[in-house]
Amino acid sequence: MDAPPPPPPPRIGHRFRGFLPVVVDVETGGFNNQTDALLEIAAVILGVDEAGNLVRRQTVFSHVEPFPGANMEKASMEVNGIKVDNPLRLAKKETDALAHIFKPIRQAISENGCTRAVLVGHNAHFDLGFLNAAVARTGIKRNPFHPFSCFDTVTLGGSLLGQTVLARAAEAAGLPYDAREAHSAIYDAEMTADLFCTLINRVRPLFEGIGLPRDAAAVEAEDGAASA
């Protein structure tokens with residue numbers, strides 16, 4: 001008699017209490033999300049492979065035109081190396097850039113049975129702050145991201161590896177890091193995604209030992225009842 005096939009791995013919506021983790025990195029003209037330009041944004045949508053491990057699924061990216069009156073600090077522009085007047089940038093207006101990034105994220109939320117996305121980043125509140133500021137400026141109504149919750153690889157790296165700098169945390173996790181590619185939104189987002197997946201997969205046995213949470217719909221209903 002043939003053994004029954006193994007059960008399929010849980011959907012990612014079960015792993016993170018109804019949230020879809022999406023890794024985001026932004027390159028900017030400074031540190032103030034109200035006054036400084038958003039210049040690049042990259043998002044890496046995560047999923048679960050056949051073995052049940054967290055993996056990268058899709059990367060979406062856009063160059064962004066500075067909004068009218070946006071500040072660009074000389075020091076920041078020297079670090080990121082972005083030339084905003086380069087016609088080959090093919091930059092999009094903030095509204096179009098966000099629409100380009102948000103569309104596949106909304107689709108992944110639906111396909112994975114999640115309720116919304118949660119931003120993952122290295123110093124995540126920096127990226128979330130610029131994302132939220134751009135959403136507010138453009139008036140976009142269907143922001144797929146939770147407005148304040150996030151996962152931070154600084155915390156994870158410091159807790160599990162003793163390292164908080166992205167390059168050092170990646171190396172401590174056994175991931176190759178190319179400093180020449182740093183400060184590109186795509187490279188930093190994908191490196192942060194690899195670090196996040198590696199660390200979450202390492203603690204997977206602890207998670208499985210406490211059992212899977214209920215699906216996203218049950219969690220949403222529970223939250224609604226609690227707030228009533």
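Glycine is treated like the rest: Cβ placed from N, Cα and C.
Per TrEMBL, these features apply:
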ACT_SITE  HIS183  active site, proton donor/acceptor
BINDING   ASP25, GLU27, HIS183, ASP188  Mg(2+) 2 binding site
BINDING   ASP25  Mg(2+) 1 binding site
DOMAIN    20-205  domain 'Exonuclease'
SITE      PHE31  site 'Important for substrate binding and specificity'
SITE      PHE126  site 'Important for substrate binding and specificity'
SITE      PHE148  site 'Important for substrate binding and specificity'
State the three-class DSSP label for ASP188 (Mg(2+) 2 binding site), counting H, G and I as helix, E and B as strand, and everything else as coil.
helix
Apart from ASP25, GLU27, HIS183, ASP188, which residues in this chain have a Cβ no more than 8 Å from the mean position of the Cβ atoms of those residues at the Mg(2+) 2 site?
VAL26, GLU40, ALA42, ASN80, ALA182, SER184, ALA185, ILE186, TYR187, ALA189
PHE126 (site 'Important for substrate binding and specificity') as reference: those recorded positions from PHE148, HIS183, ASP188 with C-alpha within 10 Å of it
none
Report the nearest neighbour of ASP25 (Mg(2+) 2 binding site) in space among the recorded positions PHE31, PHE148, HIS183, comparing Cα positions.
HIS183
Pop the mean pLDDT for the domain 'Exonuclease' (20-205) in here, whole number is fine.
97
Select one residue from ASP25, GLU27: among these binding-site residues, choose the one with the most other Cβ atoms within 10 Å of its Cβ.
ASP25
Cβ-Cβ neighbours of PHE126 (site 'Important for substrate binding and specificity') (radius 10 Å)
16
Would you mind pulling the DSSP three-state label for PHE126 (site 'Important for substrate binding and specificity')?
helix
Can you tell me whether DSSP puts the residue listed as 'active site, proton donor/acceptor' in helix, strand or coil?
coil
In whole Å, how far does the CA atom of GLU27 (Mg(2+) 2 binding site) lie from that of the residue listed as 'active site, proton donor/acceptor'?
7
Neighbouring CB atoms within 10 angstroms of the CB of PHE148 (site 'Important for substrate binding and specificity'), all protein chains considered, total 11
Would you mind reading off the Cα separation of PHE148 (site 'Important for substrate binding and specificity') from ASP188 (Mg(2+) 2 binding site), to the nearest angstrom?
21
